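Novice: Pulled the feature table from TrEMBL, pasting it below:
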type     : residues  : note
TRANSMEM : A:29-46   : transmembrane segment
TRANSMEM : A:58-79   : transmembrane segment
DOMAIN   : A:113-331 : domain 'ABC transmembrane type-1'
TRANSMEM : A:117-138 : transmembrane segment
TRANSMEM : A:150-170 : transmembrane segment
TRANSMEM : A:207-229 : transmembrane segment
TRANSMEM : A:250-272 : transmembrane segment
TRANSMEM : A:312-331 : transmembrane segment
Amino acid sequence: MSVPDTPSSAAALAGGAWGDAVIKFGNSFGAVAGFLAILLLVFFVAGRARGRLARPLAIAVFLGPAVLLLLVGLVVPLLRTVYLSLRNDDGTRFVGGENYGWAFTTESVQEVLVNTLLWLVIAPLAATGLGLVLALLVDRMRGQAVYKSLIFMPMAISLVGASIIFKFVYESRGPGQSQIGLLSQLAVALGWDDPPNWMLSQPLNTFLLMAVMVWVQTGFAMVVLSAAIKAIPDEVTEAARLDGAGGVRLFWYVTVPMIRTTVVVVLTTVMITTLKAFDIVRTMTGGNFGTQVLANEMYSQSFVQFNTGRGGALAVILFLAVLPLVAYNIVQLRKERGVR
Amino acid sequence: MTLNPTVSSRSSRRRLIAVPALLAALALTAACSNSSGGSGDGGGGGGQSLSGDCAKYQPYAGHSGTTVTMFASILSPESDNLEKSWAEFSRCTGIRISYEGSNDFESQLPVRVAGGNTPDFAIIPQPGLLAQMVKSGKVVKPPAGTVANQDRWSPVWKTYGSVNGTFYAAPMSANMKSLVWYSPKSFKAAGYEVPKTWADLMALSERIARAGAAKPWCGGIASGTATGWPATDWLEEVVLGTYGGEVYDQWVGHRVKFSDEKITTAMRTVADWMQNPAWVNGGYGDVKSIATTTFQDAGAPLLTGKCLMLQQASFYKAQWPKDTRIGPDGDIFAFHLPAVNPAIPSPVEGGGEFLTAFASRPEVQAVQNYLSSSEWASSRVRTATGWVSANQGVDKSLYTDPIDRLSADALTDPGATFRFDASDMMPAAVGSGQEWKSLTAWFAEGQSIQKTAADIDAAWPQ
């Protein structure tokens, strides 16, 4: 049987791909150029203004785009989400608080809320604590730049990439088969003949998923905390040493209080990342086996099961959970700025 | 280039404005000239008449230099075959088909449609998703040519491309799910025969398990965010093969609930088959390992003889390594899964992909007409194996691959009890939500049949 895969059709395909790339490049280039042109025009007009109009116009020109983007990108979607959360699955009928009632009374969603809470407490504490310890240890080592880069490296990997790496680590085979996952192989090497199927062992699997987040975020915590530790004036540590403080006491009574605000900022930043993290759960278990979290359930309700009402309600709950963290973060940053 | 709005002299300001504008104009001209120059060489100008090899595309001519976009879940290398199959059409008519594949298609399509970034075409594999898209009001009814082409498919397919009795999307491909993959070599070495009835199949499984060298069955239901779908297939096969098409249709429409005795009995049959600790899961572990084994990996132990059978669709052929000999005497082949109840004539559960249009521009309709024709179907079959059409206009001798041939015969057999994948037709909250979730829990956590059925029923939209 002849296959009509002539060189000419292959060439046409390749040409198509090139043409496509050129068009896409041209389009994005044109878009950027057009945007710059409009920006220049606006600046030009604003720059021409004189007299009483000058100041308000300048404010409008510089603040306008930011406010507009904030409205389009945050405020309007937020209002729309709240609106959708009060309506039925395809947004055609008002149902009041039904979706919120569903969220708090359904067994599977309660499990999701508990899991999210666990993530929120454990993952940031572990990442920040580990980061702090590493910052202290690595700061004293020779060639610290190398170690720091290595520890910081996972930060450069996307959460999906990190999840795929850990998926291989947690891979499991039944007894009698050769283990291909690192964790199972380690368990076997340590004399555990029949290690469990890690991803299926509740509640262990939730903590194993958190390990991915900790692995990625520890480097970030370490780098920021290490900078804060280095910023502690030498006189302070010197004085404390003269007073007889050393080791653990120096750490608890001098170092930690001096970097307290930084610790809080790191902790809340990781918390917010954790609340939003659905990629890990989505990649590793798809939310099955009792590992579901709020962000992933929201995505699943809205975009897999097409229930925008329930998805919206979960999004609002998530938003309300993040809000105090963000507010606290801002207050802390303000305080810190006040001190300096 | 630095942009400084506080430059003082007026002339330099003017120059700065002119440069981006000129660049934008240049970029646009470049983009336009390329799109027409790159693909219009075979056709010629406006009211073109095609000759030679291209003559057969005359009905689709007259839209040279246009581009239609297509979005689907088919990824390379599968999509390369698709593009090759319409390369000649594109070259002759000058209509470029810009194809984009995503493995996140099912969730991305609604986002793109709702967001105004709608493709001209989407290849939708689930009637449920098609109904969802029709509901959004963006799907365009097909032109007369496409409707006429549809008559080459058996009437039941037209209903699967329709929503509330209105025909929207023509099927492009069909696949047969009612297959059991096995190793003819291993079967021959051990003296096993391909079973003809469900009772034979169960007896054979028992015999293989007793022999002890291998588990009879392999299985895997993990599939990223779609984890659980192979388990829905097992249940569907058993429901269709036990009760026939009528009960199956009622079940799809929730007139027969999951907690109905008929369906729980079917679940019991599935449990005796794929949750039997002595029968599964060859090469991977216990029954629970089915939940964490991806469907792609599930069949690999067939090649090493750790298990002897795997129930999977015809498209599973793509998962075997390149050098695997597939055929009645080869390393791997497949047989038609027998009916649980011998009174049901040749039950075939299948799937398919439907070409859905979101635009009615003339070039879009030309592509729609072409891709629904038996000429295109034949062209795709000729391009590469692994593609089956239930279009009666395709010459069966074009299928060079025994699995494709087997599937095509079953799919076009007028005596078969053909039904579309049930979970693909149920509402998304069930078909791609709770049923996946609950059947996964059924395998992974040993959850009871009663609770599994009740949970799925509870998720059914009111």
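Numbering starts at 1 and runs along the chain as displayed.
Each Cβ is built from the backbone N, Cα and C atoms, and glycine gets one as well.
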Novice: So, taking each listed stretch (A:29-46, A:117-138, A:150-170, A:207-229, A:250-272) in turn and counting its Cβ pairs to the transmembrane segment (A:312-331) that are under 8 angstroms, which one gives the highest count?
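Specialist: Out of the listed stretches, A:250-272 contacts the transmembrane segment (A:312-331) most.
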Novice: Same chain, outside the transmembrane segment (A:117-138) by at least 6, Cβ under 8 Å from its Cβ: which residues?
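Specialist: Same-chain contacts beyond the flanks: 144, 147-148, 151, 206-207, 210, 213-214, 217-226, 229, 251, 255, 263, 266-268, 270-271, 274-275, 277, 293, 321.
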Novice: When each of A:29-46, A:207-229, A:250-272 is checked against the transmembrane segment (A:150-170) for Cβ pairs under 8 Å, which one has the most?
Specialist: A:207-229
Novice: Going along the chain, which residues at least six beyond the ends of the transmembrane segment (A:58-79) come within the CB cut-off of under 8 Å?
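Specialist: Here the qualifying positions are 42-43, 46, 49, 319.
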Novice: Against which stretches of its own chain does the transmembrane segment (A:207-229) lie, if we need a Cβ under 8 Å and a gap of at least six residues from its ends?
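Specialist: For the transmembrane segment (A:207-229), the nonlocal Cβ contacts are 118-119, 122-124, 126-128, 130-132, 134-136, 138-139, 148, 151-155, 157, 159, 162-163, 166, 170, 198-199, 255, 258-259, 262-263, 265-266, 269-270, 273-274, 277, 280-281, 284-285, 291.
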